[in-house]
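Undergrad: Straight from Swiss-Prot, here's the annotation block:
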type    : residues                                                                       : note
BINDING : Leu62, Val63, Val64                                                            : acetyl-CoA 1 binding site
BINDING : Val231, Gly232, Ile233, Gln238, Gly239, Arg240, Gly241, Leu242, Gly243, Lys244 : acetyl-CoA 2 binding site
DOMAIN  : 137-295                                                                        : domain 'N-acetyltransferase'
Amino acid sequence: MDDHAADLLAAVAEVARAAEAADGAAPLDEATWLALRHHPERVRSWVRAGGFALVIGADLSLVVHPQARGRGLGAGLLSSALAGLSAGMPLEAWSHGDHPAAAALARSHGFERARELWVMRRQMASALPQLRAPDGVTVRAFRADSGDAEEVLRVNAAAFAHHPEQGSMDATNLAERMAEPWFDPDGLLLATSAAADGGEQVLGFHWTKVHPGDAGAGAGPGVEVGEVYVVGIDPAAQGRGLGKVLTLAGLHHLAGRGVPEVLLYVESDNRPAIAVYAGLGFTHADDDTHVQYRR
């Protein structure tokens, strides 16, 4: 990482930490942090005292320090970013929390509300149902010294073929995530069955995550929070209840880690998934919603 990239990362981190402390939600997603750390050449940036705007591909991020809000800095950063991009370039921007100020800024610059992502949470003090896998299915942890990584990528690509963020994960993206401090191979659970050639095939996976106590996951400082990070099922194996089985297996793993709360993200219109998660004890608060705007 050269000096410019390091300075950008430091400036972004300082403002993001302050915004997270004030708002109770991290203002940048994991993909943005990974790009800043590993692929700074992909990041276009507009940095001012008290705030910044970033564009990575078609994704726009804009964050203003709490002490610099209400002075037009956000509008100025957004105008500068839009002026520096190709006319008519499609853009997507997330508001991590349904903030009225973000909605007003988006509307004033031609962005429309496009998606809502719910945060659902489960308090782990309540007992979990017993785990029962279907006949012929084994749930086990990821093994780094096997072909598991390739199988996870295969299932992920099939399961999220129509999902713009998750479906594009490749071997490099996977390796970057596995190099993160939070990665635990025991928390990446695979549902497998016997293959026709006598080997083993992966039917689906549940990748769990534990946020450190300072990660702003909403449980208070110093408190670790678990996450249902990704659940992916091979379309050829759907209809067997594997999504619920893998989700429950991950919850048992996170319970063993001692986290008091587990969160997950789900599209607000994915009623079947919401019903499954509600049946496992997850709830959603109206203000625990992330909103995507498009232009």
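Cβ coordinates come from backbone N, Cα and C, glycine included.
Give me the local environment of each listed feature.
TA: Under the three-state DSSP scheme, Leu62 (acetyl-CoA 1 binding site) falls in the strand class. Long-range C-beta contacts of Leu62 (acetyl-CoA 1 binding site), restricted to its own chain and to partners at least six residues apart, with a cutoff below 8 Å, comprise Gly51, Phe52, Ala53, Leu54, Gly74, Leu77, Leu78, Ala81, Ala93.
Every protein chain shown contributes to the tally, and the Cβ of Ile233 (acetyl-CoA 2 binding site) ends up with 22 other Cβ atoms within 10 Å.
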Undergrad: Three-state secondary structure of Gly243 (acetyl-CoA 2 binding site) from DSSP?
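TA: Looking at the DSSP assignment, Gly243 (acetyl-CoA 2 binding site) belongs to a helix.
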Undergrad: I want to verify one value. Collapsing DSSP to three states, which class is Ile233 (acetyl-CoA 2 binding site)?
TA: strand
Undergrad: Using a 10 Å radius around each Cβ and counting other Cβ atoms from all shown chains, which of the binding-site residues Gly239, Gly241, Gly243 yields the largest count?
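TA: Result for the most crowded candidate: Gly243.
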Undergrad: Name the residues of the same chain, 6+ apart in sequence, whose Cβ is under 8 Å from the Cβ of Val231 (acetyl-CoA 2 binding site)?
TA: Gly204, Phe205, His206, Trp207, Gly243, Leu246, Thr247, Gly250
